[in-house]
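J.: Have a look at this one before I ask anything.
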């Protein structure tokens, strides 16, 4: 039976409905807001596995082209593999929901939110989070939700809840916040140098909306909720648990504080291996082996957290506010247009910049419409960066981390009008032990400055952590390691300039974080960011004055809009001829902006610009032009003064003395100066060779 609930947000009703579409799924929700609609389904496999130490959850958000009344471009008219945007929204849904599933459920879970309608005014991602949570909440799958999300934009001192695409585009800050009615569990977004206070206020406003949306889902569960399926807890206990604990705990308390990540891993694995061999017969049982591994993880968890809270002792011996040693180096590669290595402790990123033309822009074709991007950032995380063997390729993690770094740097990248190039930054993570995405922000800044990209200001990033015990006891950690990220209660990445925040991402593993902790974490993050910026500025503080000799050069000009056709020529004939002759690439915009790019050192930008100017300019009486003799006649010579524009230089205008034959003075193909004397009633150009010579000799 169809059941629905509604909630007014702004000018439109948010509708959540179940019992009509996709009824064979464990749970399904049709969510609608304005002209956008999401169908979210959740299914669980039939067989439960005992003793799983993770949640086997897959989130596959997808957008259908028909949602926007479009047919996919290209030869194949079917939706293909997930686009980056779909992967990012899948992560947006996964991150706040995954901690609320119980590992003891033991079944594979697949969540499929599908965008089946969009008005191209309201972003569908927030609707997808709400629909996904509601689908799980009303289903028979155990879930400690519900979860909801809200987007907040900030512009001119005002906060806008769930803004439209156009409002987001002009906002000074845009964040997506997710959480439960108890607290915030996830934040991500970008900004144009906003203060920490602006962000805190935005979080508060978002959580008020989240609480209302969670209540809405609870109302729907009362109407249509299913009885939850039972959990499959591991009933067995680890044999010889106390003996294993007594032998391992003191040894781990030492090995976990060795100086490097590799040493800590090797020595901890050695302790584990020795005890596994000692109790080998017992650990032949699969359940006993899982309990054995779980005990080691629990010991590491307790050792690290207790020492931080009781002694302020971190894995590598730092204090809670200390930043690992940082080194920066620019110009590390000979041929690329810009390069830099940023190293922070055992995390290292090689940033490489390539300067391209407008023809290198990233083109997006999705349900939001076609658009182009002239700033591209790609993040690569090869397995060797953590000393492991694995496949190379781009996964969801790479796309997510690259997006965070892109958001953080984008506000400081110059506008196309000031820097008419395409900029591609590639971050090669060469070592990783905590916050490689923030190292990418730093190496990206350094490599762009080295490449001569006129960034508005340098950007740096830092990852913060949180260890809590109860409501009042906590420690905020600056520049966290991988171990602290894994065992902590919060991972909070903040990037920005000396004057404000540009990018941030937060994931919280506990029920929520108080405003006081958030305020202190942001303040401590600012201290760390300023420290990192200071070191980066010692390496390079301003963009290089010149682009690399291997980078393309550009000339820009504006022509009358009614001359665009004349420049292009029939079938692009004129543009192609100029491009081939001067070894350049020419781009013409509808507003008359013409951009001429050099291809290499043999390009003649000035020559190409002169020809473009000539084609698109009207001849002026009294001007002297450098022309080419096209044809010799008995009565004079036809001279081309501008591309496609010829005039007659009469034999009487070749010299002050009598000329018997034109060929005595001029030859076809000869380049000569001529002065435009007049344009007659028929539009014909009358030229003078002798007047031009006299004028230039003055």
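Every residue gets a Cβ built from N, Cα and C, even glycine.
Quick paste of what Swiss-Prot says about this protein:
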BINDING   485, 491  Mg(2+) binding site
DOMAIN    552-612  domain 'KH'
DOMAIN    622-690  domain 'S1 motif'
J.: Give the residue from the binding-site residues 485, 491 that has the most other Cβ atoms within 10 Å of its Cβ, counting over every protein chain displayed.
T.: 491
J.: Tell me whether residue 485 (Mg(2+) binding site) sits in a helix, a strand or coil according to DSSP.
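T.: In the DSSP reduction, residue 485 (Mg(2+) binding site) maps to helix.
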J.: When DSSP states are grouped into helix, strand and coil, how many residues of the domain 'S1 motif' (622-690) land in each?
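T.: Going by DSSP assignments, the domain 'S1 motif' (622-690) contains 8 helix, 36 strand, 25 coil.
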